[in-house]
Amino acid sequence: MGRAGTGTRGAAVAVAVAGPLLLLLLAGAPPAAAGDAKKSDVRLVSEQFSQSPQKLSFYSWYGSARLFHFRVPPDTVLLRWLLQVSRGGGPACTDVEITVYFRYGAPPVINPLDTSFPANTSVQPSFLIKMLQSNASVNISHPAPGDWFVAAHLPPSSQKIEVKGFVPTCAYIFQPDMLVLRAVEVFILEPDVPLPQTLLSHPSYLKIFIPENTRELRLELQGCATNGSLGCPVRLTVGSATLPRNFQKVLTCVSPSWACHLLLPSPPWDRWLQVTARSLAGPHVSVAFRAVAALTACRPWTLNSQHLLPSGTNQSCNASAGLLPPSPGSRGPGRSSRLGSGPFCLMSYPVLREDMDVVSVRFRPVDRVSMLVRSAVPSVLRLHLNTGMDSGGSLTVSLQANQTAVTNNTLVVVCVNAASPFLSFNTSLNCTTAFFQGYPLSLSASSRQADLVIPYPETDNWYLSLQLVCPESPEECEQTSVLVETTLYLVPCLNDCGPYGQCLLLRRHSYLYAGCSCKAGWRGWSCTDNSTAQTVAQQRVATLLLTLSNLMFLAPIAISVHRLLLVEASVYAYTMFFSTFYHACDQPGEAVLCILSYDTLQYCDFLGSGVSIWVTILCMARLKAALKHVLFLLGTLVFAMSLQLDRRGAWNMMGPCLFAFVVMVTMWVYRCGHRHQCYPTSWQRWGFFLLPGISMAAVAVAIYTSMMTSDNYYYTHSIWHMLLAGSAAFLLPPREEHTKPWACSQKLTCRYQICKSHREELYAVT
């Protein structure tokens, strides 16, 4: 008999949330589902799951998308996603379009930039919705239990390089909540045991366990009666909903004159299969029937090395080791023409799973490299990708047939499926099982190698099925076998993202997944799309521009040394050196040279740029030597601290520079009042040095803050280097005329000298 499955945890939840949460779910449910749930709320309990919100980013690569990982409990009949978006940053921030993706079993494979994927990559369209600054909801009836993923991002990022602090920072916060209705009264349908059911206004929830090695499932309704008379207005929904593809089967029974049944080849192995029976009659009409499930078993022939010997005969096998003996009168798979009607329907090869690193696994048949493929039954490999941590990489399948075994009349057909293998090669070659559309491959005399890449494979057991077929002369395949070499890997990134990409490991809580960050204009899932890529010549020109433009600092270095401004000269030399080698290391592609770590070079470059501006402005103030050098040191320490806090923050550099500018203006105003004339006093100084230097500095700031984009970065940033160095050369103060840099005015008998600097109006003891 059927048994109703109940749980104490579900009962407790039902009492606790029988109010607002259940009503909220019903408010967003489809009319039919909501009506059924309202009338049967005693059999349903509601649960809510949430995760911490995340700040969304404009899309540039997969790491820009924010990923959320949920687990849907078993026996869920209704799933509702509540999507909430909040905006922060002030009135300058506007509403933007947010794209949200959903997928069962693995992170969604997305392509907002419409780039190309690598060769032999199989990608299914993503299920997505677009929303503005508002809340939205998505309802899914009878969702598959297990891992569900939600990803969200803002529109593709613009090419403009924005300096942090000069533009308003807009924050878009996204948070999905998952609400579920779960059935606590589920009838278990046992094989070959009729289960009586009576439908009124609410559906019946059933489930049947599909054991491993099931070849076919047959569901049938018997003895249908409507209010005591013949009739069968019943609709069966078999299976669970998945996204982006849904393979639920719907069986509608109306006429009582013909048998109402459903055949499912290769149903998913080793799991519960949900069945929902719904009445199509009126709300007060009783429909009675008996549900019967029949399973067709498939006995595998598990092979080891001794079974593949050409001279092998009947051998006794150890059942505890998973090896099934041949049936009486047969000589094993592939050695009898009567095998097609025998009990063995597949040859199963044991597979060794070798974990090599994070999201990195190697699969290979035990004790062999090649698989023996015949025409009698499929050869099957099972790949264990059900740990929950294997869906964040790419499954790569590479097959190569023996060069002499495949003839013009033979063909090796391959199917890659999840949940259950494809076994019906004799009737169809579409690789379709009950609830999964597989990936077809083939090996022939003209193409002895086949490759397949599946990004982010679903969390499940995957099966590789191979069988030899002869379309023109089937009898030719009876005595033929082909050795197929398999190379099976789960890798974080295909080919490590190539020479123009970097494979980065991403994390959401404890879940790890990988993505490619491309450079040099290359794009795509594995950085293989060269539609906007830079040529090698362009890369070299960009590197030369960004590095050689720093030679402009030779001008302020020479002027500083000539005017005995040795500290300033040292700062300019430091900036020139580290800016040159930072940009040599920062380049993508082939023109790269890193003498230190990238982070160290970047820090030194930013520090040198800030301190160069700092010492130039303070030098223009013409402070006393002691005070000037104290401010030099304090400013350098402040820059070092601020860059450690936020290296990209504009005001971390602009703040100290503005302070130095205030000091300079204060000293100039003081001298103007003290001397009763404008300072500097010479119009030549203003016209030929100060105004050109200030103009160059203003243009440099304008370029740095508002004109740089990803496309013109190499040119605009090189101009920034030259303008920064040129402005420093023009703005450095001159040496006093008709006076040596240091003149000794008096000698003391105590061997000390009092030296006077007319330029700085300071007496110092040396």
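Cβ atoms are placed via backbone N, Cα and C, with glycine included.
Any TrEMBL annotation is an automated prediction that lacks curation.
Positions annotated as disulfide bond by TrEMBL: C493-C503 (among others). The Cβ of C493 (disulfide bond) has 24 neighbouring Cβ atoms from other residues within 10 Å, across all protein chains displayed.
Among the features that TrEMBL reports, disulfide bond is placed at C518-C527 (among others). Its Cβ placed at the centre, C527 (disulfide bond) has 28 other Cβ atoms within 10 Å.
Remote same-chain residues near the domain 'EGF-like' (489-528) are listed as 61-63, 67-69, 107, 109, 111, 113, 115-119, 121, 123, 357-363, 385, 389-396, 453, 455-457, 534, 539, 588-590 (criterion: CB distance under 8 Å, separation of at least six residues from the stretch ends). Annotation comment: TrEMBL describes 489-528 as domain 'EGF-like'.
Sequence annotations record features per position, and here TrEMBL assigns signal peptide to 1-34.
Residues or ranges marked as transmembrane segment in TrEMBL: 541-566 (among others).
Marked as transmembrane segment by TrEMBL: 626-645 (among others).
If you look up TrEMBL, you'll see 651-670 (among others) marked as transmembrane segment. With a cut-off of 8 Å between Cβ atoms, the residues of this chain six or more beyond the transmembrane segment (651-670) that come close are 165, 606, 609-610, 613-614, 617-618, 620-623, 631, 635, 638-639, 642-643, 645, 679.
Residues 163, 166, 650, 680, 716, 719-720, 723-724, 726-731, 734 of the same chain sit 6 or more residues outside the transmembrane segment (686-707) yet have a Cβ under 8 Å from a Cβ within it. The transmembrane segment annotation in TrEMBL covers 686-707 (among others).
Listed as Cβ neighbours of the transmembrane segment (626-645) (distance under 8 Å, sequence separation of 6 or more from its ends, same chain) are residues 567, 603, 606-607, 610-611, 614-615, 618-619, 652-653, 655-656, 660, 663. Sequence-distant neighbours of C518 (disulfide bond) (same chain, 6+ residues apart, CB-CB distance under 8 A): W61, C497, Y500, G501, G524, C527. Same-chain residues lying 6 or more positions outside the transmembrane segment (541-566) and placing a CB less than 8 Å from one of its CB atoms are 534, 572-573, 575-576, 579-581, 583-584, 586-587, 591-592, 616, 619, 714-715, 717-719, 721-722, 725-726, 728-729, 732-735, 741. In sequence order, P492, C493, D496, C497, A514, G515, C516 are the residues near C503 (disulfide bond), counting only same-chain partners six or more apart with C-beta under 8 A. Predicted-model confidence for the domain 'EGF-like' (489-528) is 90, expressed as mean pLDDT.
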